[in-house]
Amino acid sequence: MYFQSLSADPLDSVNTTTDFNQLAQLLLMLTNSSSKETIATHVVTNSVPSAFQFDWSSHFKEEYDLVEKLNSPQYTNLTSISPSSSTDSNNLILRQIQIPKIEPALLNQCCLCTFAIVDKEISVVDGKYYHNNCLRCQMCDIPFEYSDKCYVRDGVFLCRADHAKRYQKCCRKCEIPLNREDMVMKAKEMIFHHACFVCFICGIKLNPGDYYTMSPQGHLYCHAHYNAVRSTVLCEEAAVATVPAVVAPPPPPPTTTTAPPPAAPEQPPREASTEAEASTDEDGNGSGSQRSKRMRTSFKHHQLRAMKTYFALNHNPDAKDLKQLAAKTNLTKRVLQVWFQNARAKYRRELHDGGRSSSPLCVSAPLASMDMNPPLSSSSSGHSTDGYQLNTPPLSSEIYSPNSNYTHL
């Protein structure tokens with residue numbers, strides 16, 4: 001605000017009392033209520049201080065608006081000039097007012113390494129910025145290409161292959177992750193590829209309407225090989241653990257005639273036909289003179305199971321098969337030959353009798369049948385516990401449909 005001195009012309013003069021009142025009101029308007037300091041007021045004194053002229057021009061309104069803006073917090077980085085207490089107008093006080101500086105826009109930062117991204121090409125996942133080299137699969141540590149999908153789960157970045165290994169269900173037979181477009185067969189809670197739903201022994205494909213069974217290990221067996229699996233499973237459950245030891249011959253009689261001979265050690269009781277003893281002499285001959293030196297073999301569960309399973313496939317194995325079976329069961333080749341010979345004799349005797357003899361190995365439970373369900377049907381329908389159904393899992397399941405929080409580049 002600028003003030004001008006009055007001229008000598010009496011026509012331009014005004015009343016002194018009125019001018020002082022207007023000047024006081026102006027100073028009160030220009031006083032800052034918070035700091036109580038006069039801001040940007042310039043007064044030029046004259047040799048004749050008795051009379052003043054006040055200019056109500058547009059400059060006053062502009063400067064008044066400027067003072068109002070200066071009181072706002074965003075306009076504080078200005079230098080205010082106020083007159084000193086003395087009458088000398090040349091002595092001015094400069095005061096710097098602190099304000100926040102206007103900074104340029106922050107550069108994009110990588111959310112992993114927190115460094116600025118200055119590359120021409122960046123990766124954006126879920127609205128966050130990353131370096132192309134920083135965005136990697138956390139299992140195989142391979143950076144993502146532009147055509148690859150990036151799966152994000154629990155804050156972990158995974159490629160398609162590692163995500164399938166970690167979260168997708170796999171085929172029970174080939175252990176390959178199941179894709180959404182794959183046709184699958186479901187037996188109880190186990191899922192198979194359509195091509196993997198075959199018999200474990202002969203490899204024949206199981207079709208709708210065929211009879212099959214499933215072992216506790218998840219192996220499928222057709223109706224032709226059901227008997228081998230039936231005897232193997234029940235032998236494992238019903239057989240009693242036997243001591244796989246060779247009974248030593250009785251000790252020689254004492255030399256003295258006065259003392260009574262010691263009692264012979266008790267022989268372990270012979271089991272039923274499930275124990276499958278190999279009654280052979282030590283030298284391979286069945287002569288009665290050496291019957292006292294005959295060694296009797298008792299088989300373990302896994303040995304008996306392996307021999308019965310192989311007997312269901314081949315009743316008369318050759319030398320090569322016996323060698324492999326001996327390495328698997330830890331038995332001698334001679335013991336295996338005798339066991340297969342006795343098993344063949346028993347099998348022919350049962351066929352000659354006109355039917356299988358009643359034994360605790362028979363299974364009274366019916367075989368399970370399987371049905372083919374429509375592609376989108378659920379497997380939770382009520383059916384017998386013995387029935388294994390073949391169907392395709394619903395495509396709307398979370399196993400085969402992509403999750404909502406998965407994001408790709």
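Residue 1 is the first one shown; counting continues down the chain.
Heads up, the Cβ atoms here are built off N, Cα and C, so glycines get one too.
Range 292-351 is the one annotated as DNA-binding region, of 172-231, 292-351 (source: Swiss-Prot). Confidence in the DNA-binding region (292-351), given as mean pLDDT, stands at 84. Residue counts for the domain 'LIM zinc-binding 1' (108-169) under DSSP (helix as H, G, I; strand as E, B; rest coil) come to 8 helix, 16 strand, 38 coil.
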